[in-house]
């Protein structure tokens, strides 16, 4: 133990009320059970778990090999508002005896059910510490009020999203007792999709059903408007009957109004309809597979807006029960589901689609964070809660002992030579970088990208970094809206019509953005570099090839064919050397790293590259660096080649920049650096300055070189920096 002392095991009571909360609590229970040197686990089962009409779901807890310490029958039948109140009262009568016998150090309570309110009330009044899972979220109906009431009773909070964390802070909860962990169910969800699923689909829906060709329906009563929710359920069933697809319908929960909803199902003959399978309960492991491979999910369950997003399955969210929940793009809301046609139209729009996987509610590492959080609880601290009333601190980060995490992204830089992956913080700082040579074939390249990304994402957990998304920078013409590389020059082979977003999103369960490397460099300069606050500028990157990006009125310009800033392929000589794009005389054919390497090899083959002061090993590969070294040591032919490159580079400036208000920001390690005194691997930033009358300007400032181009449109200052941020 970290704070509790090595001799004391933390006695944890986990109380579960229904099938839904058990899916979130079970991963935590498995984690606690796996560390008996730190924890003692007591399981209390109550609520609808013990009712036959709702599937006697306590059995799945036994099947998971947990010892149930106590079973409490707390549900008063009637399924109306009065029955819910009486059920809370009955639980309050029975729980004190159980808690007196168990004497837990802490009780874990989940969510927003009325049963959970009884648990939290009992524990708080008996001076038992409470850890509340999924506080701070927003939804519809009475659930919001219950959830926030439990928050005020709880001593510690585990939330799933950044917004929920902000809500808890706004509710004056102690920052140091809030853990942003993600949803525990995602720990199982994100590893489940690739398992065998066809046998599960056939078992629940029939032998003739195919993946993506069936619907899962799960709808509960809205306790603040029972009459309307029953009518909406009737319209939903009518729409599903008309849509004529095989449908798995789960019975509603035990809330007030559920009995009437079951009557509607039986009135319409759903249990005997050939297109429907009506069931009281599906084990969570099997339910995951069913929703992961469904053509659509429909209803108002929180599962639809939370867990199903991890698979990109289309969801139709009906009514107001989940109003305020954070959702992925896979969710289509029908707030006022008052006609059958409206629901039917939503089914026609959503059925069979596939959306990017979403990780809004978790990244698959919630349980390790929660266990570490539990170990950090100091039982010697005063039990009395502290509230942080306004003004709220600007710094909302929790103490490092509570697993301080850095919001980060995975950056992938795919160039003509190297493939780099890095964990980058929101401040633009590189936490860790991985570099490999870029494979020559599509299959090997994609396999390596996925391998490096998975390794980086796994390492990010150890580095306390929360990966929020993936940004991919690649050479070639890219459609950023679809995440597809449309075309690439021979610099990157087998790299046309390549969908990068889908395979990486499917493996990492993260949003993925893809763009041309020059555009990414421009965005990086606008966000972190010398383009910050500049309205119009052009970024030029020089390396193996030459590319660029254009920022106009603070926005990135792609162009109608996504090649607005292919600056390296501006033709400066019709009879110049052949470029990898297929044209002749492009600037890239003169001044890029690969062009200089080509010329260096020619000189080496003619045995005129090496001069006094140079040496090469027999197996050493000739590179652009050898050409530059030879020129510096007096090789006239090498110097002539570099001068040719210097000659065409200003032509790029005059071809692309004709506006007094543009500046040029250059980032790279090729020809342009040489023209202003930098070495290979340095960083050049070129800015517009007011046009001077004179044609010459000098400066002797340290690390600063000034270059004036003889162009009336613009004058340019060039700055040389020793540090290169090379992930962009």
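Glycine is no exception: its Cβ is also placed from the backbone N, Cα and C atoms.
Unlike curated entries, TrEMBL annotations are predicted automatically.
Copied over from TrEMBL:
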{"type": "ACT_SITE", "residues": "517", "note": "active site"}
{"type": "BINDING", "residues": "477, 489, 517, 566, 588", "note": "N-acyl-D-mannosamine binding site"}
{"type": "BINDING", "residues": "569, 579, 581, 586", "note": "Zn(2+) binding site"}
{"type": "DOMAIN", "residues": "38-375", "note": "domain 'UDP-N-acetylglucosamine 2-epimerase'"}
As a whole number of Å, the Cα atom of residue 566 (N-acyl-D-mannosamine binding site) is distant from the Cα atom of residue 517 (active site) by 10
The most crowded of the recorded positions 517, 566, 588, judged by neighbouring Cβ atoms within 10 Å of its own Cβ, is 588
In all the protein chains shown, the tally of other Cβ atoms within 10 Å of the Cβ of residue 569 (Zn(2+) binding site) is 19
Looking only at the binding-site residues 477, 569, 579, 581, 588, residue 517 (active site) has its closest CA neighbour at 477
Counting other CB atoms within 10 Å of each candidate's CB, the least crowded of the binding-site residues 579, 581, 586 is 581
Here the Cα-Cα span from residue 586 (Zn(2+) binding site) to residue 477 (N-acyl-D-mannosamine binding site), rounded to a whole number of angstrom, reaches 17
Rounding to whole Å, the Cα atoms of residue 477 (N-acyl-D-mannosamine binding site) and residue 579 (Zn(2+) binding site) are apart by 16
Residue 477 (N-acyl-D-mannosamine binding site), Cβ-centred 10 Å count of other Cβ atoms over all protein chains shown, is 19
